[in-house]
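**Student:** I am attaching a structure below and will ask some questions about it afterwards.
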Amino acid sequence: MVHPRPRFDSNRAWQQATAALSANREVLLALAGVFFLLPNLAFSLLFPAPTPPAGTDQQAMMAFAMEYYAKVLPFMLPVLAMQAGGTLGMLTLLTDRSRPTVGEAIATGFRTVLPYLAAQILLGFVLGIAALPILVVFSLAGTKVVATLGVAVTGIVWIYGWVRTALAAPVMAVEGIRNPVAALTRSWHLTRGQTPRIFAFLLLIGLAFTVVTLVITALAGMALGLLLPAQYAAIGTIVISSTLSALFVLLLVAALAATHTQLAGAEAVDEGPTAP
């Protein structure tokens, strides 16, 4: 007998995420510092984003940004790979029932980096292919309003695809599925019928943390600006911003781990015991 899938309970996921963070606070803070705080801080200090000249139009700003990212890309890729390994390692530490050591969790995370990056590249390619005809059709209308609507529809497609595949990382880290296509398919299956609730859950976390970050950064920036020379105040602001970003990643990882645990556990209950 097939039972209806239980609804995703965001309140329970939040409680599980915060409980997991509290229980593993020291280890997770250390890992977040190593894999997110220090790389972000070093990157921000060594490769600060340039400010475009005043009066620059939109096309010139795009060219300005493309030139900057082309210059820093060789340095950005190792940082992204390192952060992906850290993310997967923390997911393993939070959700693997075999209770691996920190070293084992990190090793598992880095063994999964290449398949995970391949899954993200594949996802971006598929979503790009899906978005292309939408943009073309809306652009043929020839009006800015319709073209803007096309961009909005494309954004919705991308968000939907991201939410449906958001559990690919815990699927790879915890379930041991290394095949990128299989991991994306597994995430798609787990999130079936749950997309609006998962999206609202992650959106609320993101919005709340964004507001907190903006307020703290603004207040700290003003205080540092009054107490320190401009150069040191800017460095202090970067340190605070990088710290908050690392904490946000930590919270997001815990939220994804709790979401995966809940949905994968619910699926096991739905399917019942397998025959010996």
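Backbone N, Cα and C define each Cβ position, glycine as well.
OK, TrEMBL features for this one:
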DOMAIN    15-263  domain 'DUF7847'
TRANSMEM  27-47  transmembrane segment
TRANSMEM  68-94  transmembrane segment
TRANSMEM  114-138  transmembrane segment
TRANSMEM  145-163  transmembrane segment
TRANSMEM  198-220  transmembrane segment
TRANSMEM  232-257  transmembrane segment
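On this model, are these features tucked inside or out on the surface, and what's nearby?
**Tutor:** For the transmembrane segment (27-47), the residues of the chain that approach it from at least six positions outside its boundaries are 21, 71-72, 75-76, 79, 82-83, 85-87, 89-90, 93-94, 102, 106, 235, 238-239, 241-243, 245-247, 249-250, 254, judged by C-beta separation under 8 angstroms.
Remote same-chain partners of the transmembrane segment (198-220), defined as residues 6 or more beyond its termini with a Cβ less than 8 Å from a stretch Cβ, comprise 8, 10, 13-14, 159, 163, 166, 191, 236-237, 240-241, 244-245, 247-248, 251-252, 255, 259.
A Cβ distance under 8 Å defines the sequence-distant neighbours of the transmembrane segment (232-257), meaning residues of its chain 6+ beyond its ends; these are 13-14, 17-18, 20-21, 28-29, 32-33, 36-37, 40-41, 44-45, 83, 87, 90-91, 94-95, 166-167, 169-170, 174, 201-202, 205-206, 209, 212-213, 216-217, 220-221, 224-225.
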